[in-house]
Amino acid sequence: MARRSGIRRTDALIRTERWQALGFITPAVAGLSLFTVVPVALAIIMSLFDWPIFGERTFVGFDNYAELLTSSPDFWPALRNSVVFTVLYVPINLVVALGLALLLGPRIRGRAVFRVLFFIPVVTPIVANVLVWKLILQPDGLLNGLSRTMFGFELPNFLVDANWAMISIVVMSVWAGMGYNMLVLTAALEQLPASVVEAARIDGARGWRILVHITIPLISPAIFFATVMTIISSLQVFAQPQLLTGGGPGTSTMPIVMFIYNTGFKFQDLGLAAAAAWILFALIIGVTALQFRAQKRWVHYEH
Amino acid sequence: MSTDPVVLPAGHAAGGGRRGRGPGREENRRFGAVIAYATVLIAAVVFAAPLVYAVFSAFKPSREVMQTPPSLFGSEFRWENFTEVFTYAPFTTYITNSFFVSIAGVLVVLVVSATAGYAFGRLRWPGRDIVFVLFLGTLMVPQEVLVIPMFVLMQWFGWVDTYQALVFPWAFTAFGTFLMRQFFRGIPYELEEAARVDGAGPLRTFLQVILPLAGPALAVLAVFTFLNYWNSYLWPLIAVNDYAVRGTLPIGLASFSTQNGTRWDLQMAASIISMIPTVILVIALQKHLVRGIATSGLGGR
């Protein structure tokens with residue numbers, strides 16, 4: 001911590017500083033209390049109530065949780081869909097992102113242009129990205145049109161076919177999201193000590209071995225960060241299935257956040273939705289905690 | 001943290017100096033570079049194809065967007081699609097709302113984060129560290145948990161269908177405070193002491209000494225916040241009922257296809273328009289992109 005230089009601070013000054021600090025901190029504290037702390041408390045309370053958007057609220061204890069876990073027909077499928085999406089999406093995202101980050105090294109001229117290109121979908125509205133893909137995946141869209149013309153072959157209807165809908169969502173999401181991890185990993189790669197890699201190379205290590213034994217262990221903290229963040233965000237997937245497949249066919253691509261949204265705002269059962277949101281939160285915390293416990297096995301920090 | 005040594009192949013410890021390389025290896029390297037470059041090019045083409053196709057579709061006559069065989073160019077180049085968007089749907093309203101909400105959000109976030117960051121990073125007061133940990137704790141709560149009670153809160157405030165509801169609930173992020181605090185802590189204390197000696201209190205020091213130095217950090221935070229507001233979808237979907245009046249761009253885009261069937265030409269034109277500001281931001285910031293990501297998490301969703 002930086003040292004304050006030799007000037008002695010008078011009591012009066014310290015007292016002024018405290019008052020001023022109070023002034024500086026008040027907007028943030030008030031805002032966070034009102035818009036985070038109160039909602040969290042309210043969410044706990046709501047999850048214990050039958051709480052319609054309009055009308056009478058009744059205390060039901062843990063009935064909402066019990067209903068979700070035992071009798072709600074869509075809850076478990078939705079949870080499963082989110083997990084399936086995460087299991088498919090996260091590894092593909094990371095492999096593609098790492099591959100591109102490695103390829104876009106100092107040897108590639110114009111790599112800044114490529115990076116911007118791969119990063120664009122990350123910052124453009126996800127709704128716009130989804131619409132672009134909807135255009136391409138439609139039965140009359142680009143992919144099937146090309147297939148018909150070039151091979152005379154009819155492709156499956158990617159968005160309503162039970163086997164393809166989830167895959168379409170995953171592919172679209174990887175396209176839209178991997179640029180972020182690519183840049184995270186690029187930043188890590190650029191901080192690699194060149195001497196270590198060079199030394200290994202001189203000792204006779206070649207491409208693949210350098211990658212597996214040197215580069216990846218050296219950037220494993222960044223890979224860990226990317227994995228944790230990507231799993232968290234993929235458990236929260238919503239816009240892609242909502243707009244691409246509407247959760248269908250049936251409920252086969254409806255993720256948990258869409259279940260929460262529908263329960264709360266379509267079926268107007270806010271209490272049940274709040275309970276489902278807490279279960280999602282518990283899942284996220286649990287998965288994240290597991291990752292932190294497992295990191296000793298594969299994440300290498302330099303000190 | 002873990003003390004595991006980095007796994008290196010045997011013999012590294014000797015740490016050989018830089019030695020000359022044979023011509024065979026040099027050739028190998030060049031071959032590798034060509035392969036790498038070709039792979040990047042193919043990946044870029046595949047990756048850009050959806051965007052390029054969307055852009056060209058936005059200029060096609062309506063009936064030609066979905067046709068077999070697909071073509072990149074329509075029979076004519078219809079700039080009119082981009083003007084027709086504005087008459088077909090309340091698109092001017094969506095754009096105005098999006099800009100207004102995003103800019104208002106940025107302003108609130110900057111003021112709140114800079115002041116709180118200053119209090120945490122530069123001022124001394126009792127309980128500071130405990131409050132700071134509580135602040136960071138709020139980052140753990142996902143939006144999905146918050147949106148449901150937040151909607152009830154908006155009902156209680158009478159804020160449903162208002163701009164306040166779109167701006168304020170997400171403007172008090174601990175993330176911004178954290179970012180600014182980290183930045184403020186890096187500023188040498190001597191600068192501040194000099195102002196203090198001259199008789200300036202914390203407020204004047206903050207406004208005239210610290211804040212002018214914080215330009216880069218504020219810029220990062222502003223961009224990050226702007227993108228978050230501009231792209232936000234779930235909350236406007238909930239907080240707004242009357243899309244034609246308070247809808248933002250993502251809401252407008254999403255509701256596009258449900259009106260009178262799908263006009264793909266207009267939908268693509270609208271999507272492209274919604275992407276323009278963010279793409280401009282990214283291109284303008286490209287030099288800082290990698291470092292910005294590494295230090296601040298810019299662009300996170």
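Note: Cβ is positioned from N, Cα and C throughout, glycine not excepted.
Under 8 Å from some Cβ of the transmembrane segment (B:31-56) lie the Cβ atoms of residues 72-74, 268, 271-272, all in the same chain and six or more residues away from its ends. As annotated by TrEMBL, transmembrane segment applies to B:31-56 (among others).
Annotation source TrEMBL lists domain 'ABC transmembrane type-1' at B:95-285.
Residues or ranges marked as transmembrane segment by TrEMBL: B:99-120 (among others).
For B:132-157 (among others), the entry in TrEMBL reads transmembrane segment. Listed by sequence, the residues of this chain that lie at least six past the ends of the transmembrane segment (B:132-157) yet keep a Cβ under 8 A from its Cβ atoms are 116, 120, 164-165, 169-170, 173-175, 177-178, 181, 234-235, 238-239.
Positions annotated as transmembrane segment by TrEMBL: B:163-184 (among others).
As annotated by TrEMBL, transmembrane segment applies to B:205-227 (among others).
The transmembrane segment annotation in TrEMBL covers B:266-285 (among others).
Take the transmembrane segment (B:205-227) and the stretches B:99-120, B:163-184, B:266-285: counting Cβ pairs under 8 Å, B:99-120 has the most.
Packing against the transmembrane segment (B:266-285) from elsewhere in the chain are residues 54-55, 57-59, 62, 65, 81-82, 84-85, 88-89, 91, 95, 98, 223, 226-227, 230-231, 249-250, 252-253, 256-257, 292: each is 6 or more residues past its ends and has a CB under 8 Å from a CB in it.
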